[in-house]
């Protein structure tokens, strides 16, 4: 099995990258892909860049060039669920765009023409992630993750997301674009991210302060999940 892992930022991939043995670096389309073995398992780790276009471009290049069997999207996210705090884990059961609006033509809010309203994560990957969470004794929430090209840092943006997606547990800027590409390529995916901030008026301060905490937690989760997927 070859496992594809995608993170947007240097801070979100550096801990994993440093653990890859026999590492080789591929630079394509402004993205960097690091291939090798993570605890004996073949992996391809992508640093995509921030935002939906960068994530979609990177995911496509990763899938075409490295042919992974599954995709794990890792990194940080803003918490929406009331039980979440910095360092907690969110696992996707579905991903949707929070900034797409073609409702004038009868589509659901967040749905693009020719696409499902939401992109469902793979049940087996979800189950494996939740098993890792239990083993590591982490606080976690599974649910809807929403994505858009905006850092949510104020009451107006937060209220809009809560109104349109009352069940959303986290918000970030890449996951749904990655899920969209995986859907088109028929490759299973799951989003496993750690909370770096709570999406409110102080979220930019929290993000800067706690990104390292989120990166450490998400790296622990992904490393454990890769082991479980490879060896059961």
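The backbone N, Cα and C atoms fix where each Cβ goes, glycine too.
For residue 12 (active site, proton acceptor), applying a Cβ distance below 8 Å and a minimum sequence separation of six or more within one chain yields 47, 74, 75, 76, 215, 218. The active site, proton acceptor feature in Swiss-Prot is assigned to 12.
Within 10 Å of the Cβ of residue 78 (substrate binding site) there are 26 other Cβ atoms, across all protein chains. The substrate binding site annotation in Swiss-Prot covers 78, 152, 173, 174.
DSSP classifies residue 197 (active site, proton donor) as strand under the three-state reduction. Sequence annotations record features per position, and here Swiss-Prot assigns active site, proton donor to 197.
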Hey, what's the Cβ neighbour count for residue 197 (active site, proton donor) at 10 Å? 25
Just checking a number: largest C-alpha distance across 78, 152, 173, 174 for the substrate site, rounded to a whole Å. 13
Neighbouring CB atoms within 10 angstroms of the CB of residue 152 (substrate binding site), all protein chains considered, total 25
Mapped DSSP class for residue 174 (substrate binding site), helix or strand or coil: coil
Given the binding-site residues 152, 173, 174, find the one whose Cα is closest in space to the Cα of residue 197 (active site, proton donor). 152
